[in-house]
Amino acid sequence: MGMSALVSGQPALLCPKPSWRSSARTRTVRAPAAGSASGSASAAYPSSFSPTAPSLSLGPTKDFTWRRTGTARAIIPLLHALPPPQDAQDDDGTASSSSLALALQKEEDNALSFSRLYPGTVGIDLILLALPAVLGQAIDPMAQLMETAYIGKLGALELASAGIGVAIFNILSKIFNIPLLSIATSFVAEDISKNATKHSTSGKLELTSVSSALVLAAAIGTIEALALFLGSGLFLKLMGVSPVSPMYTSARLFLSLRALGAPANVIMLAVQGIFRGFKDTKTPVLFIGLGNLSAVVLLPLLIYGFKLGITGAAISTVASQYIIAILLMWSLSKRAVLLPPRMDQLEFGGYLKSGGMLLGRTLSILLTMTIGTSMAARQGPTAMAAHQICLQVWLAVSLLADALAVSAQALIASSYAVLDYKRVQKAAMFALQIGLVSGLALAVGLYISFGSIARLFTNDPQVLTVVSSCALFVCASQPVNALAFIFDGLHYGVSDFDYVAQATIVVGVISSLVLLYAPRVFGLAGVWAGLTTLMGLRMAAGILRLLWKSGPWSFLHEEPETKAQPLAS
């Protein structure tokens with residue numbers, strides 16, 4: 001994933017939630033009158049509020065309330081002289097209390113079942129979810145680290161040239177790839193729940209969301225490939241690499257070759273999102289592992305065996321991307337129809353609309369990271385090579401925090417949907433605690449071993465000297481990075497997308513200003529001061545949202561039991 005860990009901010013799972021925009025602390029639901037055809041409670045609450053718990057039919061025109069308790073029994077009817085249900089009477093015509101009690105118990109058990117999506121303690125659930133997430137996210141960055149190490153042995157100029165090419169490729173591709181990956185996951189999951197029995201004549205699932213995602217991915221990938229291939233020189237100039245720079249020729253060739261892999265890269269990410277919608281994370285990990293294994297074999301063979309240098313590195317990466325994409329498409333074709341019988345059945349509106357919010361957030365962070373890379377490139381090949389080493393290490397160690405954020409998001413989304421605020425609070429606090437501890441541990445570990453790690457990438461004494469000047473920023477920022485990632489996961493868990501997008505844009509503007517001016521005074525250390533500012537402000541924005549007494553986290557500032565009063569009929 002690499003830089004995608006910084007910008008992904010995985011969206012909340014497709015799980016219904018109560019709206020927090022209503023200022024009322026108690027929501028009122030009016031039970032239907034006798035003989036109601038639906039037999040379910042009709043709401044007398046603001047239109048923006050969508051209750052998700054099971055409905056309860058108690059009798060003609062009586063009120064019960066939603067009570068904000070700290071437990072999973074979030075729906076507790078307050079009974080006041082309720083008449084009996086129509087079909088539950090004793091011999092003398094009076095209400096059967098046992099029947100009513102059974103009905104109430106059944107509804108509360110249904111509510112409890114939603115909160116048991118992840119049984120056991122919150123801490124164990126979080127760790128068990130995070131471990132496979134770390135494995136799945138670690139493969140690609142580890143391969144990138146290996147590629148960087150191989151190229152670094154060629155020299156500082158080659159490392160700097162490849163670094164600027166990788167940065168440009170990641171910037172352009174991730175602008176659209178990350179939203180597509182995230183949205184495909186949700187849309188496919190929703191489509192499956194609605195059309196689980198819809199199969200083609202071949203027995204495969206026929207889902208519009210799958211076909212739409214694949215066609216959209218192919219189109220986006222083709223556009224990216226053309227833009228990178230035809231505009232490689234322009235992109236290099238925008239990054240501060242002029243035609244007279246010693247990096248220009250090799251960087252342009254590297255970027256042009258990497259452009260050929262853009263279609264495979266986008267399709268690969270889209271299919272990963274589709275498999276997540278199928279609730280299958282093992283298949284993508286298996287095929288991504290096989291694809292990157294091929295890159296591990298091809299890298300030294302092409303770079304050193306055939307003496308292709310960074311050209312060989314680009315070819316091996318593109319080959320691995322196509323291997324992964326082909327394997328994933330082959331596996332997906334066994335489950336679902338890849339293209340519908342008619343192209344007019346495709347639906348792109350939902351993808352384009354939902355991607356807007358994530359696109360704005362992604363652009364803000366990528367723009368800030370781009371400015372940082374550009375300012376590093378202006379310092380010269382030695383500084384750029386040192387920056388590339390620091391950046392790869394910085395991104396690689398962020399995987400643990402990113403996995404914790406995704407896991408916390410899943411737990412919070414499932415609990416928040418049934419108003420289990422106590423479990424939400426426990427998951428949030430535990431995630432923040434373990435994030436802080438892991439961040440501190442990473443900071444200490446990196447501080448002790450950073451010199452040895454840097455020598456895995458290069459033996460150039462000048463590059464190592466510059467790397468050491470930025471090592472303190474890389475190490476000291478680890479606790480801040482961990483908390484920033486986890487706060488993103490918490491806010492996505494309660495579907496607070498508006499706040500995260502707006503806050504990220506503001507944070508990006510401030511950090512960009514630091515990146516534009518600090519390097520002129522402090523050199524590469526100024527670049528890393530700006531990147532640390534980015535993560536620090538993201539963390540501060542996350543803390544600020546929790547402190548607000550309005551919004552989705554308002555329950556943190558309430559009494560443990562906010563008792564509801566019955567309303568008059």
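Every residue gets a Cβ built from N, Cα and C, even glycine.
What TrEMBL records for 31-54 is compositional bias 'Low complexity'. Look at TrEMBL and you will find 17-54 tagged as region 'Disordered'. Per TrEMBL, the feature transmembrane segment maps to 117-139, 159-189, 210-235, 255-278, 285-304, 310-330, 391-418, 430-450, 462-487, 499-519, 525-548.
Same-chain residues lying 6 or more positions outside the transmembrane segment (255-278) and placing a CB less than 8 Å from one of its CB atoms are 165-166, 168-169, 173, 176-178, 180-189, 191-192, 209-210, 213-214, 216-218, 220-222, 224-229, 232, 235-236, 284, 288, 311, 314-315, 317-318, 321-322, 324-325, 328-329, 332, 335-336.
A Cβ distance under 8 Å defines the sequence-distant neighbours of the transmembrane segment (285-304), meaning residues of its chain 6+ beyond its ends; these are 132, 135-136, 139-140, 142-143, 146-147, 150-151, 154, 272, 310-313, 315-317, 319-321, 323-324, 327-328, 331. Same-chain neighbours of the transmembrane segment (430-450): 122-123, 126-127, 393, 397, 400-401, 404-405, 407-408, 467-468, 471, 474-483, 485-487, 489-490, counting only residues six or more beyond its ends whose CB sits under 8 Å from a CB of the stretch.
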